[in-house]
Structures are given as C-alpha cells and as structure tokens.
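**Q** Annotations per TrEMBL:
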- 12-28: transmembrane segment (TRANSMEM)
- 40-65: transmembrane segment (TRANSMEM)
Amino acid sequence: MGIVFSEVAAWLYLAVTVALGGTVLCKLEKSPRQVGRGPSYLVGLWGAACLLSLPFYYGVTLFFLSCSLLYSYLAGQELLPVHHKAVLITGCDTGIGHVLSKYLDELGFTVFAGVLNEKGPGAEELRRSCSSRLCVIQLDVTNSTQIREAYSKVLEKVQDRGLWAVINNAGILGFPADGELIPMSDYRQCMAVNFLGAVEVTKTLLPFLRRSKGRLVNVCSMAAGVPLQKLAAYSSSKAALMMFSGVLRQELSKWGVKVIIIQPGAFKTNIAGTNEMWNKLEKNLLDALDPEVQKDYGRDYVLALRNFVRSLPLMCSSDFSPLLLDISHAVSAKSPFAVYTPGKGCYLWICLASFLPASVFDFLKKIELGFFKKMKNGKHTALQK
Ligand SMILES: NC(=O)c1ccc[n+]([C@@H]2O[C@H](COP(=O)([O-])OP(=O)(O)OC[C@H]3O[C@@H](n4cnc5c(N)ncnc54)[C@H](OP(=O)(O)O)[C@@H]3O)[C@@H](O)[C@H]2O)c1
Ligand SMILES: *[C@@H]1O[C@H](CO)[C@@H](O)[C@H](O)[C@H]1NC(C)=O
C-alpha cells in the first residue's frame with residue numbers, strides 16, 4: 001500500500017513539474033523581448049540534466065524550483081494592456097523622441113509629444129502622420145512656464161484617466177571639446193537641459209504618476225557611466241540625471257511608481273548637430289578661451305575639434321529597434337528592469353568602466369581611440385580616391 005502511494009506521489013510530482021516546465025516554455029516562446037529558441041532549448045537541457053544526473057526526488061525538486069523562479073521572472077516580463085494609457089515624452093522634434101512618439105502612438109498609447117518648437121517640421125510631421133490621439137505640446141524643458149502649461153494641458157485632456165508615464169528624453173550634446181576648453185556657458189546649458197530640465201518636468205508631473213502608480217523613464221546615456229573624452233559637459237549632466245533617477249527609484253517605490261534609467265549607446269540622430277550649429281558653438285568656444293590656454297593647445301588643435309563631431313556618425317547605429325523595444329518594455333512590462341542599455345557594446349563598456357582598475361580601463365580606451373582614428377583615416381582616403 002505504502003509503496004503504491006509513494007509511486008503515485010512520485011508520478012504526480014513529476015507531472016506537476018513537467019506541466020510547470022511546459023508553461024515556462026510557452027511563456028518563453030511568447031516573450032515580448034524576442035529571445036528566440038535558445039532559452040527554450042536550455043530549459044529542456046537543464047531539465048534532462050537534473051532528472052538524469054541526480055536521485056529522482058532531488059532532480060525533480062531542483063528542476064521544479066528552477067522552473068518556479070523562471071516562471072515568476074517571466075510573469076513580470078509580461079506586458080500590461082495598453083488601453084490608450086497616456087505617456088508624455090520630451091524632445092520629440094527629432095531623433096529618439098520623435099521616433100518613439102510615433103512608435104508608442106502605433107502601439108495604441110495616448111502620446112503627449114513635447115517639442116521645443118511646436119511650429120517646426122518635427123511637430124508638423126507628428127501631427128500629419130500620427131493618430132488623432134497624439135497631442136503635440138510646446139515644451140522647452142528649461143522654461144518653467146511651459147512646463148506648468150504642459151501640466152495643465154495634460155490634466156485637461158486626460159482628466160481622471162490619468163497619466164501613466166513620463167519619458168524625459170530631451171537632451172543636448174554641446175560642442176565636444178576637451179574639458180578645459182569647453183566654455184562655462186556650455187556646461188551650464190548642458191546642465192539646464194539634460195539635468196535641471198528633466199528634474200523640473202519630473203517634479204511637476206509626479207503627482208500624476210503617484211496617482212496612476214506609473215512609470216518615470218529617464219533617458220540618460222552610456223556616457224553617464226563611462227568616461228569618454230571630449231564629452232565632459234554632456235556626460236556630467238547625464239551622470240547627475242542618473243543619480244537623481246536612482247535616488248527617486250528608492251523614494252518613489254512606496255508610491256508604487258517605478259523609475260527606469262535608459263543608457264543608450266550611440267544611435268544616429270541629430271544630436272551631433274549641423275555645420276551651422278558647430279560654427280556658432282566653435283565661435284562661442286574661441287571667444288571664451290583664455291589666450292594662454294589657446295596658445296598651449298594651439299589654434300589648429302581647437303579648429304580641428306570639429307573633425308571629432310564630424311566623425312561621430314561613424315560610431316552610430318541607425319537601427320533604433322533595440323532602443324524602441326527597451327523603452328516600450330520599460331513603459332509596459334509588469335516588472336520593468338531598473339536599467340536598460342540598448343546599443344552595441346554598451347553594457348560591456350559600462351561593466352568595464354565599473355569593474356576594471358582605472359589604469360587598465362584608460363589603456364583600453366586609448367587602444368580603441370587609436371583603432372578608431374585608423375578606421376576614420378581609412379574612410380577619408382577611400383573617399384578621396
Ligand atoms: N543619439 C545617441 O546616440 C544618444 C545616446 C545616448 C543618449 N542619448 C540621449 O537621447 C536623448 C535624445 O537624443 P537624440 O539622439 O534623439 O538627439 P536629438 O535628435 O538632438 O533629439 C533631442 C531633442 O530634444 C530637443 N531639445 C533640445 N533642447 C530642448 C529643450 N530645452 N527642451 C525640449 N526639447 C529640447 C531637440 O530639439 P531641436 O532638434 O530643436 O534642438 C531634439 O528634438 C537625449 O537625451 C540624448 O542625450 C542619445
Ligand atoms: C517661456 O515660455 C513662455 C510661454 O510660452 C514664453 O512667453 C516665454 O518667453 C518663455 N521664456 C523664455 C525665457 O524663453
């Protein structure tokens with residue numbers, strides 16, 4: 001009798017575990033992050049390894065526990081229904097914000113697209129090509145009046161449906177130059193847009209997010225965690241935004257608001273600017289430059305700085321899909337990650353900068369820079385031929 005009972009119990013235990021494994025496989029196949037078949041095969045292999053290499057009960061228990069863990073992880077990765085949830089994005093005239101507002105609009109969100117110039121071509125394009133849900137709003141993130149007006153407009157439109165997410169995306173790069181050469185006005189401008197702008201937008205709109213238990217998504221940068229030459233002003237402002245986001249993540253958890261950091265690598269957008277913009281920024285830099293410092297660096301060196309800006313697109317990817325997938329996951333997954341690092345090699349560089357001794361990291365960066373210079377020269381000679 002006892003033997004029959006324990007045999008039945010064993011079969012039952014195995015059946016439950018296999019069923020759980022099957023559910024996990026189904027969830028993996030339907031995973032929104034397009035993980036492919038690989039993880040499913042791994043689950044199968046792991047199950048076989050547990051059952052074949054360990055005594056029956058130990059093997060089944062280990063597999064059961066692994067499946068439960070994976071199940072609860074995957075359940076958190078499921079996407080919440082869109083239901084016309086409202087999101088506000090800043091800096092939608094061009095680049096990431098522009099593409100993102102179109103993408104979220106297509107997914108069915110009600111998008112408030114904040115633009116620096118509501119009469120500009122970017123704003124026009126959004127009005128023309130998106131659904132009637134999308135609402136373009138004038139929002140210079142350095143202008144407190146416009147931020148308050150944005151709050152009122154959102155309130156008027158969503159009323160008690162509420163605002164689900166704020167995506168602080170507006171940002172400027174400034175003129176890349178050695179930290180000693182960057183004028184104070186550029187440091188201030190980077191801080192004003194990239195950091196203080198995002199902080200003020202956040203503070204103004206947080207009451208919405210606390211009510212909806214929604215999402216605050218801050219677009220920082222790989223540069224916030226990895227020292228990159230010539231980007232002192234930009235990177236410092238992004239590092240400030242990143243720490244602000246980390247602190248708010250802890251503070252707002254008691255309100256059920258999730259704070260998410262996006263640290264993109266390099267994507268091809270308008271952020272590097274135009275010839276016209278470089279002329280202005282270069283003049284600004286030269287005007288503010290101490291004559292002594294200019295003599296030490298050499299005027300030719302200063303004038304050659306724009307070659308660096310020109311070469312930026314060479315490092316950038318024009319495929320925005322990793323970025324769009326990550327940001328939409330941050331906005332709609334039940335349990336989004338705290339940090340996303342879309343872009344080739346981005347996560348690797350962040351890890352290297354965090355864990356390697358500074359001297360080793362700097363050496364690696366030097367090698368990379370040399371390699372990059374060679375590649376650039378190669379392209380130039382190819383163009384001249
Ligand atoms: N592209 C990348 O590789 C990369 C990498 C890491 C992080 N990021 C970050 O991603 C975000 C989007 O950048 P992007 O690459 O898409 O550059 P972008 O094409 O220049 O887009 C930034 C947008 O912000 C707008 N903007 C500038 N100042 C503003 C202000 N005071 N108030 C409101 N909007 C303002 C710009 O308007 P105008 O066009 O009229 O100036 C532009 O439409 C930025 O925060 C950037 O730092 C980008
Ligand atoms: C801020 O925005 C308001 C309202 O659009 C505008 O009247 C004002 O001139 C702006 N201020 C600055 C400094 O741009």
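Positions of Cβ are set from backbone N, Cα and C atoms, glycine also.
These figures come from a predicted structure and were not determined experimentally.
Looking at the shown structure, what environment does each listed feature sit in?
**A** Among residues of the same chain six or more beyond the transmembrane segment (40-65), those with a C-beta under 8 A of the stretch's C-beta atoms are 10, 13-14, 16-17, 20-21, 24-25, 28-29.
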**Q** So if I exclude everything within five residues of the ends of the transmembrane segment (12-28), which remaining residues of that chain have a CB under 8 angstroms from its CBs? That is, six or more out.
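**A** That would be 35, 39-40, 43-44, 47, 57, 60, 63-64, 67-68, 70-71, 74-75, 78.
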